[in-house]
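Student: Can you read through this structure? Questions will come right after.
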Amino acid sequence: MIVTPVSEVEGEFFKTWSPSMKSTSSNSCNSKNHIDTRDINSFYPSPVEDSEAFIPNNQPYSFLLVDDNEINLRIFRRMLLKLFPNASVRTVQESASVEISHRTLSHYHLIFLDIEMPIVTGTEIASKVRSSRELDQVGLIAVTTKYLCADLELYEKLGFDFTFRKPVEYPTNYILQKIEQVLQTRCGGRV
């Protein structure tokens, strides 16, 4: 394993990297991982610092981020505001404080949920959201380290529209494209 300092949005973190940890570019369980060990940064481009040109989506969407880790919330919020500069992004660190009702969640276009949280998990929140017909237009995206085939199948059964693997270090255009696909599917792009 190689330990490399990686500059992140909120400061200097250390990332442990091995070829078996390579992110795949799809939610497919059958993806083949081809590793070229010449450039570690090509495997883990920072979504906030990559040099890839993209056009931000200027629609005033409303997003809810639920994660028990404050640093994850800050990083993901900053990334979303880079991709959607006119969006409203609310963060919640206490999963138990998320009231799941039409009145409280219907104004969100998309909810990003960490899966492993104390008290109330992301899968429990997703199950409750999807059990309410009134919240069908709200998109759900899992953001998690649990990314095995069985996990992805469970998230799909629970009604998640997509899953990002943590750390979220995909190319910016890929993240933007996947979020826009969920927005189009769930709410028809409505603002």
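Glycine residues also receive a Cβ, built from the backbone N, Cα and C atoms like all the rest.
Sharing the record's features from Swiss-Prot:
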DOMAIN    62-181  domain 'Response regulatory'
MOD_RES   ASP114  4-aspartylphosphate
Student: Does DSSP put the residue listed as '4-aspartylphosphate' in a helix, in a strand, or in coil?
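Tutor: The three-state answer is strand.
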Student: Restricting to the chain of ASP114 (4-aspartylphosphate) and a gap of 6 or more, list residues whose Cβ falls under 8 Å of its Cβ, or answer none.
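Tutor: The answer is VAL66, ASP67, ASP68, ASN69, ASN72, SER95, GLY122, VAL143, THR144.
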Student: If you average per-residue pLDDT over the domain 'Response regulatory' (62-181), what number do you get?
Tutor: 95
